[in-house]
Each structure stands twice: as structure tokens, then as C-alpha cells.
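First the structure, in the form of C-alpha cells, and then the observations on it.
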Amino acid sequence: MSMGFKEHNARRALRMNNQDVGSAVDFLIEEKAKKLQKREEDMKRRQELSEQKSYGVTLTKKPVDLKSLNELVSIGFEKALAAEALRRNENDTQKALDDLTNPETNAAIQNDIESRKRKRQRKSDKAAIEQLVSMGFERSRGTCSMIVFLFPLVLSCFAWISII
């Protein structure tokens, strides 16, 4: 217990190791290492799942294959662009590579990505404005607040103009 283990774990380890203190300590250290390793593996898996989820799913509802994605990224393609190409091509790396190397389809993929980014930003902005309105602000003031929040340069320009 003086080594930082809980009493019930120490007792269990002693019972499992025929009251041999050295073996019990080794057992506790191994058990702690296994728990730490499992926790790290679980965290890594959750991060992978989160990353997969962020790229969306194919038409057949399969998540983007991270192994194929990493292959395309290692070749030199942007991660978001490679993920979209894989998503469109049902995780077929060769077809995705064909799309990425074709200037026309590459441009179309980039346009789709930018369009989705703008759509997500508008949705986020609307949600923020609704939150301000729910706090009692007028909608026009909420919109102005969002503009000032999103474009600090505008605020500094107005401050500079008022000095003049």
C-alpha cells in the first residue's frame, strides 16, 4: 500500500500469489501497465473513430478508410481532399487517386469541400445568433455582434475611423 496501490488490490494480489510479496508487487505493476496500455489504445481508437466520423461516409454508409487515407496523404495530397475522394469512390484508393490527379475532378472535389465548409459556418453563425436572441438581444444586434466577433479587423477599422 505504501507503493500507491489500494488495499483491496494489494490483498487480492497477495491471495493470487500465495502471499508472496514480491510476486504480488510484480503482479500489481503488470496489471497497472496493462490498464494504462488499454486506456491508451481506447483513446487512440476513439480519436480514429472521431476522425473517421469527421470525413463522413460513402454512399453505402461505410466510413472513410483511414489506412487508404494515410496512403494518399503520404503521397502528398491534402487530408480533406483525399478523404473526400475516398468517400466518393467507396474507399477505392486507385479510383480516388485517379480523381485526385485529374484536374477537373480535383477542382470539383475542392469546390464541394469549400461549399460544405461555408454551409457549416453559416449554420454555426445562425446558431450563435439564435443564442444571442434567446439571451434577449435584438436579432439585428446579434447579427452585428457576430460580424464584429468574426471580423475583428472591421472593429479596429471603425475605432480608427472614429479617431479621425
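Glycine is no exception: its Cβ is also placed from the backbone N, Cα and C atoms.
Automatic prediction, not curation, is the source of TrEMBL annotations.
Taken verbatim from TrEMBL:
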type	residues	note
DOMAIN	1-31	domain 'UBA'
DOMAIN	63-103	domain 'UBA'
TRANSMEM	144-163	transmembrane segment
If one takes Cβ-Cβ under 8 Å and requires six or more residues beyond its ends, the residues near the domain 'UBA' (1-31) are none
Helix, strand and coil residue totals from DSSP for the domain 'UBA' (1-31) stand at 21 helix, 0 strand, 10 coil
Rounded mean pLDDT within the domain 'UBA' (63-103) lands at 94
Secondary structure split (DSSP) over the domain 'UBA' (63-103) reads 30 helix, 1 strand, 10 coil
